[in-house]
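K.L.:
Quick one: this structure, given as structure tokens, is what I'll be asking you about.
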Amino acid sequence: MSSLRLISNRTSQQALSNSDYTWDYEYYEYGPVSFEGLKAHKYSIVIGFWVGLAVFVIFMFFVLTLLTKTGAPHQDNAELSEKRFRMNSFVADFGRPLESERVFSHQMAEESQSLFHFCINELDHMNKAKESQKGPSLDSNTHFQEVSKSSGVFEEDLHRLTKFNIPNFVNTEQNSSLGEDDLLISEPPIIL
Amino acid sequence: MSTDRPSNLIKHPGQTSIASLENISDFSLNITDCAQVVVPEEVFFTVAAAGILENLLILIAVIRNKNLHLPMYFFICSLAISDMLGSLYKTLENIFIILCKMGYLTRHGDFEKKLDDAMDSMFILSLLGSIFSLLAIAADRYITIFYALRYHNIMTLRRALVILAIIWAFCAGSSIAIALFSYEAATVIPFTILFPLMMCFILCLYVHMFLLARSHAKKIASLPSSTVHHRTNMKGAITLTIFLGVFLCCWAPFVLHILLARFCPHNPYCACYMSIFHVNGTLIMCNAIINPMIFAFRSPELRSTFKKMFYCSRSSCNW
């Protein structure tokens, strides 16, 4: 039996030697595989694998679509409070001047600009959404404006909150049809 | 191969005498019952060349345009490099096999085995590089969204380069180790566990970002003057599904092949799955073509760089 296997091994390599891509079989050294008495179809793993993969991808798509439609309502409150905290920490972080970084080219400055506008716009939205908390938000809003004015670069752009289009970072066009699409592509814009 | 088959089929399959070679080739008929699915060489070379060219274009564009010297584009470049390596591997393997067929190289020589090992390690390097680059891109976007205000302090150019160096050093080391010890289960199992783990992690990052984007869209939709279309939510789900679906469909078949080759090479079902090995390889090269479209070409800055490059080369601009 073992000699039969040896001979059949060598012959199998010769039989396959005229075909393409037999290089792969050198290392696997498959013995003879008997295809008799198969209960299921011989390509059942292939079919099962691809069907399973397709089902999984479609399932993922439906889960994401459901997240789109419903989602967790409590998350909105959590996001708002988180953002407020980040605004405050942002002010603290932004104490040091931007120009200390050598990598800040003009575009980088524009991107920081866009972050400012994001903050300011966010604050505007929060103000509109929650009238009762107008006080502290306005304070930080004015603080922002002070910080931004002290940098000296962003003065004229404070008036044009929705106009600019920073290709690499933030897309603030409200009418843009890209929406969350951009979020997941090369530049994740923060939709305002 | 095609001339041998018809003569084998005519023979009686029941003969068990081992005297003649022809009866033993009946045995080999059982092996080739699930015949290797052969991808034509033209298709192979076309797909590989397209992948290499596309990724090379991206590298050139990022290098030439100073505006694109950002961490985000460096990670996209890293993905382009790993895709290029994968396509290069397949091209070299094809050339190698053609040389073997034409008789310039033997199959059993030491040099050929070493060359094969080197090429295997290049392929595993490409796979690991792909996975880690995708992870880096997802993490970069995550930081951009959730730590937007401190992004420039967290992800400086220098840190991005250090992260890339660490990733590639790790991938190179693991690929050499895996190629050297590829016959043991201890290497195959971590390798195949790494793949779904990374996938799940990337999926979680993107879903979290997606949820934030959705809550933003809700906030905007609640404003009276909003004109955001509701269909943009669906677009996000489609984009995310395309990202992860493409990665899964292109790499999972190959990973399953490695698992089956290690654990059940003699099972007829596994053998039939392994007969489509070259289709799986072609899928990986298709991934190298699709990845730039999903990641790199969506950036307007990169697209404008390409336009400049092409229009400049066409209408001899001032060099």
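The first residue you see is number 1, and the count goes up from there.
Cβ from N, Cα, C; glycine included.
A TrEMBL annotation is a machine prediction, not a hand-curated record.
Sharing the feature lines straight out of TrEMBL:
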- B:54-295: domain 'G-protein coupled receptors family 1 profile' (DOMAIN)
- B:43-63: transmembrane segment (TRANSMEM)
- B:70-89: transmembrane segment (TRANSMEM)
- B:123-149: transmembrane segment (TRANSMEM)
- B:161-183: transmembrane segment (TRANSMEM)
- B:189-213: transmembrane segment (TRANSMEM)
- B:234-256: transmembrane segment (TRANSMEM)
- B:276-297: transmembrane segment (TRANSMEM)
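On this model, are these features tucked inside or out on the surface, and what's nearby?
P.N.:
For the transmembrane segment (B:123-149), the residues of the chain that approach it from at least six positions outside its boundaries are 71-72, 75-76, 78-79, 81-83, 85-86, 89, 155, 160, 163-164, 167-168, 170-172, 174-175, 178-179, 191, 194-195, 198, 201-202, 205-206, 208-209, 212-213, 247, 251, 254, 284, 287, 291, 295, judged by C-beta separation under 8 angstroms.
Only residues 6 or more beyond the boundaries of the transmembrane segment (B:161-183), in the same chain, are considered here, and those with a CB under 8 A from a CB of the stretch are 74-75, 78, 117-118, 120-122, 124-125, 128-129, 132-133, 136, 191.
Sequence-distant contacts of the transmembrane segment (B:189-213) (same chain, six or more residues past either end, CB-CB distance under 8 Å): 124, 128, 131-132, 134-135, 138-139, 141-142, 145-146, 178, 236-237, 240, 243-244, 247-248, 251-252, 255, 258-259.
Packing against the transmembrane segment (B:234-256) from elsewhere in the chain are residues 127, 130, 134, 191-192, 195, 199, 202-203, 206-207, 210, 213-214, 273, 276, 279-281, 283-284, 286-287, 290-291, 294: each is 6 or more residues past its ends and has a CB under 8 Å from a CB in it.
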K.L.:
Six or more residues out from either end of the transmembrane segment (B:276-297), which same-chain residues have a Cβ under 8 Å from its Cβ atoms?
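P.N.:
Distal contacts: 36-39, 43-44, 47-48, 50-52, 54-55, 58, 76, 79-80, 83-84, 86-87, 90, 127, 130, 137, 242-243, 246-247, 249-251, 253-254, 257, 303.
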